[in-house]
2 protein chains.
Amino acid sequence: MRHYFPILDWSKAYSRETLTSDLVAALIVTIMLIPQSLAYALLAGLPPEVGLYASILPLVVYAVFGTSRTLAVGPVAVASLMTAAAVGKLAAQGTPEYYGAAIALAFLSGLMLLAMGLLRLGFVANFLSHPVISGFVTASGIIIAAGQIPHLLGIRAKGETLPDLLHEIWINLNDINIFTLVLGASTVCFLFWSRTNLKDFLLSRKVRPGLATVLTRAAPVAAVVITTLATAIFGLKARGVAIVGTVPQGLPTPSLPPLDLQLWSQIAVPALLIAIVGYVETISVAQTLAAKRRQRIDPDQELVALGACNIGSAFAGGFPVTGGFSRSVVNFDAGAQTPAAGAYTAVGMALATVFLTPLLFFLPKATLAATIILAVLTLVDLGAIRRTFAYSRADGAAMAATILVTLAMGVETGILAGVALSLFLHLYRTSRPHVAVVGQVPGTEHFRNVERHNVITAPDVLTVRVDESLYFPNARFLEDYIQDQIAENKAVRHLVLMFPAVNDVDSSALESLEAILHMLEASGVTLHLSEVKGPVMDRLRRSHFLDALTGQVFLTQYDAMLHLAPALTAKTLAASRRETSRNGA
Amino acid sequence: MRHYFPILDWSKAYSRETLTSDLVAALIVTIMLIPQSLAYALLAGLPPEVGLYASILPLVVYAVFGTSRTLAVGPVAVASLMTAAAVGKLAAQGTPEYYGAAIALAFLSGLMLLAMGLLRLGFVANFLSHPVISGFVTASGIIIAAGQIPHLLGIRAKGETLPDLLHEIWINLNDINIFTLVLGASTVCFLFWSRTNLKDFLLSRKVRPGLATVLTRAAPVAAVVITTLATAIFGLKARGVAIVGTVPQGLPTPSLPPLDLQLWSQIAVPALLIAIVGYVETISVAQTLAAKRRQRIDPDQELVALGACNIGSAFAGGFPVTGGFSRSVVNFDAGAQTPAAGAYTAVGMALATVFLTPLLFFLPKATLAATIILAVLTLVDLGAIRRTFAYSRADGAAMAATILVTLAMGVETGILAGVALSLFLHLYRTSRPHVAVVGQVPGTEHFRNVERHNVITAPDVLTVRVDESLYFPNARFLEDYIQDQIAENKAVRHLVLMFPAVNDVDSSALESLEAILHMLEASGVTLHLSEVKGPVMDRLRRSHFLDALTGQVFLTQYDAMLHLAPALTAKTLAASRRETSRNGA
């Protein structure tokens, strides 16, 4: 019970002090979240109020189910872009079908996350490698930023891929609206300046550090207020500046998501992708922040929590939500102590939905575009390609490929290509276990790789050390390897397989070992094992492999050599004895 | 050049003696292949002559490209069943569209195999685990055998799944044709008896062993001849016994396979499945036989060869072919020395196609059904479930699931479920690397798992030995594990990661190590490494991890303990010294 409802844990010790910290954090996050949630709704191609709806119920749900003390969930840039890409294929923006599909997407990806959590399948997320995720996020950030340029210029241009977008912008460049451009460009400059310099500026004017932080965080809200007022006062709507317009006032009426199985099957793949990408983002943020306070995150419970949040978002008429990086950091820095801070943020967002929406009528879309651009620029990390490539060529190539495919072919193809590439690299790597022919280090009982060390080997004994567990993807490699070794070394009469690092031998590998045994038998070579771990030995005893084994199982490789090449080993043993007693004396 | 044309290797040393051996083997295989190729064509829902066409050109092609000296390719039971399942969805049996799709299937799976071979992707086949393949083959055998029962009873019944088939047989049981039943049942009995007893019977009648073997192999041909004569003489066609009818005489006219991209996209998945299942079967047979004569198989070149065979089959109007187990064993036992034996078999099949087809008019379909039943019964191995389950529950469960899904939902769903299950099990297993907290074995420089051995540990030093390479699927596990360990052991001030078995640290794992470093730093714990392998160290030096490392990198774990817990280690060192000099003296 307590496992699935972490709220039961932390709520017991909830004090007045914690309440104060949580309330302050909630206030700061609310101020940040209002413009962001409007902007991400527009990015997803949805009416602005949907962004507000997605920032209320999910936060309350996370407070009940989440294991992170400071994670802030809500609409985020990448998931919004993925929503637009998925839903845009099924219906036209602005239609009830489009909105319904976005709700269904939240619901279905919520169900998937919940199921994965209850089945404890969190490990599935590990199969998106870091380079692929990082490349995907960078490329998404570039597409999102490029997609905002038309809003800043006051022109129309749409496109799911970077080439399409740039082409459309180029074609429509004549339609630039100068008022929109001035408004948009100055908002971008102001936001950029405030992010880098506002705090120092305020501190130099003797503003208290705490207040300076809050004021800096409130800069996007200030931009919203100023540009809205400017638009209203100077009648910029008549000059062609696009505005948000009427935003329905009041809380959403809870409703069932559309139970349309045909629709569900059409959005199943994007729902899964959004679920996994969102989860990976969420868990990374949660773990980073938890570590700073030596707290624990339960990855499987986070699946349950994020699933419940998305189901909650769907019931409240919202779209897919995940744990956001920047807002969680803000929440953490502002001193949030428990997930209750999230619930208070939800109250703040609900109040904004009830009271502030009429004020948003004259809010220019260019302002929201500027907010988005500033938010996603932190996602773009092109230097990571160089760093990753320097560390590992394969990983660097995977990252570059994911970026290129995402930019050129859109987010869905991009992430699918990334997943496929990750899995392929993984499968390729695990299909080649690390094995080495070893020999005795003179004067010791140690055995080392013949290619790297100066070691002693007997001509008729070949010892192969297997450095990984044997299971179906790599079992045949060992067969091939030994076949090659035996074909090359015609003098060999004994083969010793040294298993110090073999933790498991599955049925496929057992069949490979049997195939190796028969192959060696046919070639007149005896097969021995050495240094087999206890659990592996127990399991082998349950098969008939040990009965059929032509040679012996030795406890140590030294025993094996003592038995199979006594003359050679005795010599180095004597050397070893002399050496040891000299040291010991 | 020689790599892609192994014929250049073996043809140089081709002698008169080899020619004789190959000719004898070819004769025996031809006798066996005539009824089989007719039967498998019918199993695939194709006219009987298509089976003959698929047994000519592919054999010649394999002789040029194959690396196995004794593999015999041609139509086989499982691939024929998969062909029927794939093509049956697109067109009705007997139509030109059905035949065209079967040819396209051979062509496309040939192209896929060829591409995989040229890209050296043979390792992909390793991801079908043995239990899954074995379960799939068993279930296919059962479905095939059950599918022949209607032919033996002279009734109509079709179905891709076992329940459907049995249901249809049950419904139509009233239509049994007694003549067909007698003919079919007696053929089954004769073939069964001849397989188990004919050779001994002939030997007891003083027939020469060589001749006895050939006569035993010819038993199916005898059954064909006798039942065909009986049907013709007693006018059984008029009594309702289904016969093969007119088989076009002469060789197929080579033609281009249909270049219909829409058709190709419809059969892409089945083509890939047939390619992979066929390849796995082929490579297993080839390696088993090669090992007996200490010969080499090149798995990637086998992909090229099998791909070329299927493309050849398509050009000659045939359907998908693979290396068959029983016919390859017969070829091997009959003394085939080179792939030329396959080419001679092709000549034999061509002669049969030209001269024997008119004689097949009265051949009862029940005879072919009996041939198929006898052939596939060797595929069914239900005991393997028990054996596999005893060895490994996970593998046994995977096998049982594959069998059940294949029987209940057909071959395509069955093999896809098997592949998915294999991959899932693999991913699950590799997402949990083997790690252990270790301590010092008293009186030695060895360190062992604290849970299994009586070892010494320092209260403020925690040593975690990682027994596998670190890469993206398992990197997060290590993060979680260390987070847990640190949260549990509040006294810990130093964490040593011992990397004796870590052969690789990819970029994702590097990020995890950095995350661990930051987490430990925030918790006031110093991170050290020990026993890092050379290549891993080289790679870490290319990142900034070592600069940020709070602790040191120790050459051995003993050095680490000597440095971090000198008091403790010195004591055991002294003990060790005393021990050693006592032994050494």
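Each residue, glycine too, has its Cβ placed from N, Cα and C.
Residues or ranges marked as transmembrane segment by TrEMBL: B:21-44, B:50-65, B:98-119, B:131-149, B:169-193, B:214-236, B:267-291, B:303-321, B:341-361, B:368-385, B:397-425. TrEMBL lists B:451-571 with the feature domain 'STAS'.
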For this session: Take the domain 'STAS' (B:451-571) and count its residues per DSSP category (helix H/G/I, strand E/B, coil), listing them in that order.
Result: 59 helix, 21 strand, 41 coil
Exercise. When you scan the chain for residues with a C-beta under 8 Å from the transmembrane segment (B:267-291), skipping those not six or more beyond its ends, what do you find?
Worked result: 67-71, 73, 76, 78-79, 82-83, 85-87, 90, 101, 104-105, 108-110, 112-113, 116, 122, 124-125, 128, 133, 136-137, 297, 299, 302-303, 306-307, 310, 320-325, 328-329, 332, 412, 415-416
Exercise. For the transmembrane segment (B:98-119), which partner among B:21-44, B:50-65, B:214-236, B:303-321, B:368-385 gives the most CB pairs under 8 Å?
Worked result: B:303-321
Exercise. Considering only Cβ pairs under 8 Å, which range in B:50-65, B:131-149, B:169-193, B:303-321, B:368-385 makes the most contacts with the transmembrane segment (B:214-236)?
Worked result: B:169-193
Exercise. Mind checking which residues reach the transmembrane segment (B:131-149)? Cβ under 8 Å, same chain, six or more beyond either end.
Worked result: 43, 77-78, 81-82, 157, 159-162, 165-166, 169, 277, 280-281, 369-370, 372-373, 376-382, 384-385, 388, 395-396, 398-404, 406-407, 411, 414-415, 418-419, 421-422
